[in-house]
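Trainee: Can you read through this structure? Questions will come right after.
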């Protein structure tokens with residue numbers, strides 16, 4: 001009796017594993033193909049797209065890593081991601097504090113306005129945004145990407161933070177006030193430190209969206225020296241259409257920072273996404 | 001720092017406990033704080049977000065709706081008022097009508113293929129399974145990659161002659177051809193890449209929701225004689241309702257705005273067979289300088305999202321805030 005149950009269970013778990021391995025392979029194999037492909041030359045890619053490189057040709061990777069263009073794009077992406085994240089989290093935290101803990105006329109209207117903002121993707125606003133940025137002289141200027149990036153990140157950041165700020169009990173605020181805290185003191189010395197997990201979550205989300213943004217930098221930067229990684233990858237592909245192996249190496253290298261960041265911040269990212277859906 | 005212990009306790013406990021009722025709770029604590037002018041505090045805290053948002057998000061939408069009424073090349077001020085001509089033009093344009101149709105196909109595919117597959121995987125990963133955490137990590141990883149890198153990678157994976165797809169097809173002695181260059185296959189190929197990147201997100205959402213459902217419920221059903229499938233169909237699935245409905249919402253809104261992936265993979269081609277609204281808008285706005293017409297397309301995209309969102313909120317999501325059982329996971 002127990003024998004059959006065990007066997008049934010074992011088959012079941014085997015099938016589960018099989019499904020997971022197949023799906024996992026669908027995810028991993030294309031990336032693996034890229035990683036190995038970067039170590040081949042084009043001749044090898046045509047005759048042997050699947051197997052191990054023979055011989056290994058690291059020049060695709062080393063050329064990119066020594067050229068400087070890749071590093072500059074990495075630096076640009078980093079600068080833009082960090083500054084826009086800082087701005088959006090700071091501005092959103094302040095607004096969310098007011099939305100969460102103050103009652104005032106027009107509050108619901110403003111909250112709804114920001115919520116509707118979720119419906120404003122770059123694709124909808126990019127054209128007038130471009131005209132506007134041109135008018136302000138912010139084309140080919142990192143601020144032309146950083147500020148809109150921060151602005152478009154406000155809705156989701158405010159929604160998540162507001163939800164979190166509401167959960168901090170009124171007693172904590174009363175205690176802080178008795179101890180002599182004003183609004184600013186409470187916000188700065190009590191609320192923000194308590195909200196550290198939520199702040200980490202929204203920061204990770206903001207970094208990822210900014211890092212992956214393509215349309216805005218594509219439109220704002222005509223000057224190549226400001227290009228971010230997504231724009232750079234796309235341009236590199238256009239430039240070396242015939243050299244598949246080289247492009248593969250560039251794609252793989254551009255994935256490394258994102259995947260590294262994911263490895264470090266996975267918990268915050270997933271917490272934020274699943275949490276925001278509940279909100 | 002009077003009582004740091006209560007502070008950390010409440011933080012740790014808050015996902016479980018219900019937050020205080022939003023309306024009255026927020027108003028209450030104001031009475032004790034006479035010091036800084038209330039209006040002043042509000043102004044100082046709200047200004048940065050409002051300025052950014054009004055200037056860089058709301059204003060562009062307003063500008064776009066204004067520009068959409070003009071025939072305008074984007075330079076100088078719009079002068080040639082054409083009323084709603086840009087809108088009627090869009091709806092008569094076979095490309096734009098095709099965009100709507102293709103968007104519909106992509107949404108449909110996502111609803112019948114991507115979301116059910118994500119749901120099934122989430123249910124699998126909810127079982128005790130060795131290496132579960134690793135699988136989860138891998139399935140979700142593509143979500144952090146940009147649409148651009150994903151697109152370039154898959155362009156090469158499916159490239160004729162040097163690609164992985166070609167090699168596999170030869171191995172299966174089938175003819176793969178260039179999936180992104182064939183008008184008959186390109187949309188499905190794009191859908192495949194979109195799914196590769198995003199199914200992990202939906203899987204994770206379902207998984208989180210599934211883990212929020214008490215085990216006892218489906219166990220009780222099974223004890224009462226339900227099969228595993230019946231327990232899933234009649235107990236788990238309804239409880240996942242809110243998350244499923246949100247996922248459908250995200251998927252529709254995402255499809256309306258699809259740009260990066262298509263632009264990098266195909267530029268909308270061949271012969272517009274993978275073009276989306278956003279690609280058409282970009283083409284007219286930034287390549288042909290028909291800014292008025294492109295603005296009209298932007299506004300149509302925005303209105304579609306907005307109308308869909310409002311409709312969805314009213315008709316579909318209302319159940320999640322009103323219902324008794326389906327409100328389990330929600331915090332409202």
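Here the Cβ of each residue, glycine as well, is placed from N, Cα and C on the backbone.
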Trainee: Look up transmembrane segment in TrEMBL and report which of B:269-290, B:291-312 it refers to.
Mentor: B:291-312
Trainee: According to TrEMBL, which of these ranges is transmembrane segment: B:104-125, B:214-235?
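Mentor: Spelled out, TrEMBL records transmembrane segment over residues B:104-125, not the other listed ranges.
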Trainee: Which range is it, out of B:12-39, B:40-67, that shows up in TrEMBL as transmembrane segment?
Mentor: B:40-67
Trainee: Where, among B:40-67, B:104-125, B:186-208, B:246-265, B:291-312, do we find the most CB pairs under 8 A to the transmembrane segment (B:137-158)?
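Mentor: Selected stretch: B:186-208, with the most Cβ pairs under 8 Å.
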